[in-house]
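Chemist: OK, TrEMBL features for this one:
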type: DOMAIN; residues: 14-170; note: domain 'Nephrocystin 3-like N-terminal'
type: REPEAT; residues: 261-302; note: repeat 'WD'
type: REPEAT; residues: 304-345; note: repeat 'WD'
type: REPEAT; residues: 349-381; note: repeat 'WD'
type: REPEAT; residues: 437-478; note: repeat 'WD'
type: REPEAT; residues: 480-521; note: repeat 'WD'
type: REPEAT; residues: 523-564; note: repeat 'WD'
type: REPEAT; residues: 566-607; note: repeat 'WD'
type: REPEAT; residues: 609-650; note: repeat 'WD'
type: REPEAT; residues: 655-696; note: repeat 'WD'
type: REPEAT; residues: 698-739; note: repeat 'WD'
type: REPEAT; residues: 741-773; note: repeat 'WD'
Amino acid sequence: CFPGTRLEILKGIGEWIRDSSSLNPVLWISGMAGRGKSTIASTVFHNWKCRASCAIFHFRRGQSTLNSRMICALARQLGDSLVSEVKDAVLESVRENEGIAEPGRRLDEQFETLFVTAFAKLRNHPHPIIVVVDALDECDNVKDAVDFIRLIHKHSSSFPATVKFLLTCRPEDPILCHLKSKQWCKEDLDSAAEINSDLARFIQHACTQIRDDRDLSEDWPSSGDIEQLVNMSQGLFQWARTVVTYIGIGSPTGTAVGEPLTGHSGLVRSVCFSPDGQLLASGSYDNTIRLWDPQAGELVGELLTGHQNWVLSVCFSPDGQLLASGSEDHTVRLWDTKSRTLVREPLTGHGHGGWVRSVCFSPDGTLLASGSSDQTIRLWDPATGLAVGEQLEGHSGQVISVSFSSDGTLLMARFGLGDNTVQILDSQTGTAVGEPLTGHSDRVWSVCFSPDGKLLASGSDDNKIRLWDPQAGELVGEPFTGHSQPVRSVCFSPDGRLLASGSDDHSVQLWDTETRMVVQEPLTGHGDGVNSVCFSPNGEVLASGSDDSTVRFWNTQTGAALGEPLAGHSDMVQSVCFSPDGKLLASGSADKTIQLWDTETRTLVRELLASSSNGIVSVSFSPDGTALASGCRDGTVRLWDNRDNRTWAEVGEPLTGHNNWVWSVCFSPDGWLLASGSTDKTVRLWDPQAGAAVTESVITQRAMVNSVCFSSDGKRLASVSSDHTIRLWDPQTGAAVGEPLTGHRREVNSVCFSPDGKLLASGSDDGTIRIWD
C-alpha cells in the first residue's frame, strides 16, 4: 500500500493476526475490481513475512495449471519458513505422505495433509502462521474455490489459534454466497470510509513528483484538481494509478557502476569487516562463509564450510585473527582468518537449542556472545571454545541480536517474535541491569547506545522512537513520533548529537538528541521501507538502505539527498555499513551481492557477487577497514580482503558450518575473530585471517540466534535468541558466562553494549527494553 494509506484497515488486520484468543481464524476482504484488495493482501504478507510464518497465493484467471497448485505452493512457502517448528511440521507431513504434492491429487487430500496434519503438530506454537489467498474470484474452477472455503470452515476449529487465513474476493456469486454463509470476519472495501482521503494522498504525492520532475509551478496541481480526480476515481485505486501514470509520473534512478562479485549461492544474511578493513566476511543461506578482499572485489581463499544450515551471523574478533559465525544448525564456529580453517570443533557444549541469529566478540576479544532463537544468550571463551558460565535465558522471544558495550562490561540484547523489549546485562555476571525498559506497545526492532553511553535509543513497530537513561532505567522525555510506520533502524551520530531513524514509511528522520526534536523534514526519497541507516565516521553523511533496492546518502546538516539514489542492487538492501575511514560504504542485498561505494564520488567501486549465495542479510567492516564480512541466507559467511589497497577480493571459500540463515556477523574489536549468529541456533567463531572456523567454536543455543555483539574489550560476546533470553559468552573459550539472562516475555530482537561496556541493553517483542549490569 502507498505509505500513509489504508492505515486503519492494516491496523485492524494486524490486531486480528495478533489476537491468538480469537476463535475466528478467517478474515475475508471484499471489494470491486480496482479497490486495492490485492495490494492490501501483498502489503500484509510483506509486513509480516519477517515476523511470522507466511505464505501467499494469487489466483490468475486463465492459468488453470498454476491455480491447481495453490495448496502445494502455499505449503512450500511454509516449508521454507524461518521458524524451524513450522518448517519441520510441514516437511514431516510431506514425508509421511509420499506423493501428496504430485499433480492430480485431490484438493481435500492436499489440504488435510499439508495444512490440517501439519498444523496439528503446531498446537502450542506461539507465533502467527498466516496464509494469504488473493483473488478467489479469479480461480478458473469455481468448484475448487468453493471447496477451499468449505475445507477451511470444516477444519478451522481444529487449527491452533495462531493460524490465520486472509482471503480476498470480489463481491460476486457464487463464491460470495459461500463466504457470506460463514461467520467470518469481513472487511468491505466498497464501504471503507477512509478511501477518498487515501486516494487524495496518493494522487497528491504522484502529482508532486511530476511537478518537481518537470519544474512546474508550485501551485500545480490545485486542490480542486486533486478533488476532481478523487471524485472521478469513484474509489478505485487502479483508476487513480492509471491516470497519474498517463499524466507522466517518473523519476531518475541512477546507474550502477562496475560488475557484481559472485560467490554465494544463497542469500547473504550477515557481513562484517575485519578490524583492519582488509577482509570482509559473509555468512549465507548456502551454509558457507566467505572471506573477501573488499578492494579487489575478489574471494580470498576457499569457502569456509562446516555449518549444516544457514549462516545467520558473522563477526571478526577485535584483532581480526578469528571469525565467529552463528548458524541455523544451532552452532557457533570459530575460524582462523589467516589459514581460513576451523579453529576447533563447533561450539555446542551447553550451547543453543535453536538458530544462532547473532554473534559478537567483546571489545578485548576474550569473549564471544551468541544469541539464539531458543531465547537464550551464551558467552564463549574464543581461546578454548568453552562456554563461559550458564546460558542467559528468561525471555519469551527469539534473541535477534547481541552487542557489547565499548568497554565490554555490558551486553545488550534485542528480542523478537513475542517480546517487545530491550535488556541490558552485565557481561561478567550475565545479570540484568534493572527492570526491563517498558514503554513501547509493539516489537522493538533496533536499539543503539550513544557514543558516551549516556543514552539508549530504541525503534519499534509502534512507529515510535524512545530515548532512555540506561543507568536509571528511565525514559528521557516523550517518544519521537514523526514516523507513520514501524521504525526498523536507529543509529547515533559519532558525536551523539543526532539520531537517525529508518522506517517502513519510506523515510529517514534526523533527531536532535538534546531537544528531542526533528532536525529537519523527513528525508524522503526511498520508494519502500528503510531497513538500515548508518552514520559516516565523521558524522557528516548518513547512508540508508531500503526495500526499494537502493542506497542513499544524506547531508546530516541540511537533510538534503547527496546525488541520485545508488541503484546497483536488484533486490532489497538489508544492511549498510561505512568502512572505519569513511571512504567506502558496503551494502548487502537479497540479490546475493555486496556493493562497495565510493562515499566521495558516490559511484560503485566494486560489486562483490557471492556466486553460491541466496542473498546478503548483513555486512560489517573489520575494525581497520581492510576487510568486509557478509552473512547470507544460504548459511555461509564470506570475507573480502583489501590488504593491497587496490582491489577487493573474496578471501578463500565461504565460511561454512551454519545450516541456515546467518542473521548477524560481527568482528571482534581487535579483528582477530569474527562471530556469526544464525537461525540454525548456533553462534560460530571464525578466524578471519585463516578464513576458517575457530576450533570447537560453535556455540549451540536452544533457539534462533538473532544478533551477536562483542564488548569493547572483546572479552564478552552477547547473543540474543528467539527463546526470550540473552546469553553472555567468553569468545576465547566459547563457554557461556553465567546463566542466561531472563525476564523478557517474548523474542528479543537486538542487543547493544554501552561504550564503556558496563551496561547491556536488550529490546524485545514484549514491548520492553531491559538494561543489564
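Placement of Cβ uses the backbone N, Cα and C atoms for every residue, glycine included.
Keep in mind it's a predicted model, so treat the numbers as computed, not measured.
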Chemist: Taking DSSP states H, G and I as helix and E and B as strand, how many residues of the repeat 'WD' (349-381) are helix, strand and coil?
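Modeler: Here the numbers are 0 helix, 20 strand, 13 coil.
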Chemist: What residues in the same chain, six or more past the boundaries of the repeat 'WD' (304-345), come closer than 8 Å to it by Cβ-Cβ distance?
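Modeler: That would be 84, 266, 269-276, 278-279, 281-285, 287-291, 351-365, 368, 370-372, 374, 378, 380, 382, 385, 617-618, 620, 622-624, 627, 629-637, 639, 651-702, 704-705, 707-710, 713-714, 717, 719, 729, 731, 734.
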Chemist: Would the repeat 'WD' (655-696) and the repeat 'WD' (437-478) count as touching if the test is at least 3 Cβ pairs under 8 Å, pairs 6 or more apart?
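Modeler: No, the repeat 'WD' (655-696) does not contact the repeat 'WD' (437-478).
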Chemist: Using Cβ atoms only, state whether the repeat 'WD' (349-381) and the repeat 'WD' (566-607) have three or more pairs under 8 Å that are 6 or more apart in sequence.
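Modeler: No, the repeat 'WD' (349-381) and the repeat 'WD' (566-607) are not in contact.
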Chemist: Report the listed stretch (437-478, 566-607, 698-739) having the maximum count of Cβ pairs within less than 8 Å of the repeat 'WD' (261-302).
Modeler: 566-607
Chemist: Take the repeat 'WD' (437-478) and count its residues per DSSP category (helix H/G/I, strand E/B, coil), listing them in that order.
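Modeler: Summed by class, the stretch gives 0 helix, 20 strand, 22 coil.
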